[in-house]
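Asker: One structure coming up, written as structure tokens, with questions to follow.
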Amino acid sequence: MASFGWKRKIGEKVSKATSQQFEAEAADDKDLGDDDDANWVHAAKRRKEILLEDCVRKSKELKDEGANLAENRRYREALVKWDEALQLTPEDATLYEMKSQVLMSLHEMFPAVHAAEMAVQRNPRSWDAWQTLGRAQLGLGEIALAIRSFQVSLHIFPMNPEVWKEDLSWARKLQEQQKATKTESMQALAKGKELAQESIPDYDFESDEIVAVCAAIAEKEKALSAAKTMVIVSASGTVETVTEQDNCPATPDETLFIRAR
């Protein structure tokens, strides 16, 4: 009978030198793979940087073109340029601030306020954006909000004489006029109510004069109701109005007339 012998594993047939060579080649391939991955990531970052640089450059060109158009009062065309620039650089607060100024020139106050608010959100430290927002709010009649925006602008840039002498002083003057007008309106309303109350006389409905007037009216109504009026139409078409008293029972002959009440 044949006996079973011990079966060696396949891996044990590989020599030690061959195994070491294989491990070395695998390590080289791994290093090359790591280098390829690093190069790919670097290339992707570089392409992104180039794309951003192109967007910024193109956005600046559109911004400058829009500024030239706005200076020539071609406001609608300027807005188109700046909207295209915002597609490339949506976080540019200056573009929103410039849009707000042009929209105010077109008397579109609601969009102007919105654009200025977008500018302030993107750059809260821009005194220009706060000043423009205050002017747009003033155009809507929001005097209290405009004063606050001007104050924030001065807090950022305290030495700005334009905001001090023009914007803030004008807004406060309008606020004082608004308060004075409101006070005058309240006083006029109160005075009107007092006059209305005084103009209503206090009648004494039980006085002798009122009783006599009521009695006279009643007698007149009684006299009018005592008389009876008839409209008589003859056979030939003649219309005649006859007033008969209660003590005068005579009536026309029904064979000759048609009577209607």
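A Cβ is built for glycine as well, from the same backbone N, Cα and C atoms used for every other residue.
Annotation source TrEMBL lists compositional bias 'Acidic residues' at 25-36. According to TrEMBL, the region 'Disordered' annotation covers 15-36. Residues annotated as repeat 'TPR' in TrEMBL: 59-92, 127-160.
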Asker: Would you mind listing the long-range same-chain contacts of the repeat 'TPR' (127-160), meaning Cβ under 8 Å and 6+ residues beyond its ends?
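Answerer: For the repeat 'TPR' (127-160), the list is 93-94, 96-97, 100-101, 103-104, 107, 109-110, 112-113, 115-117, 119-120, 167-168, 170-172, 174-175, 178.
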Asker: Can you tell me the mean pLDDT for the repeat 'TPR' (59-92)?
Answerer: 94
Asker: Just to be sure I understand, if DSSP states are collapsed into helix, strand and coil, how many residues of the repeat 'TPR' (59-92) fall in each?
Answerer: 27 helix, 0 strand, 7 coil
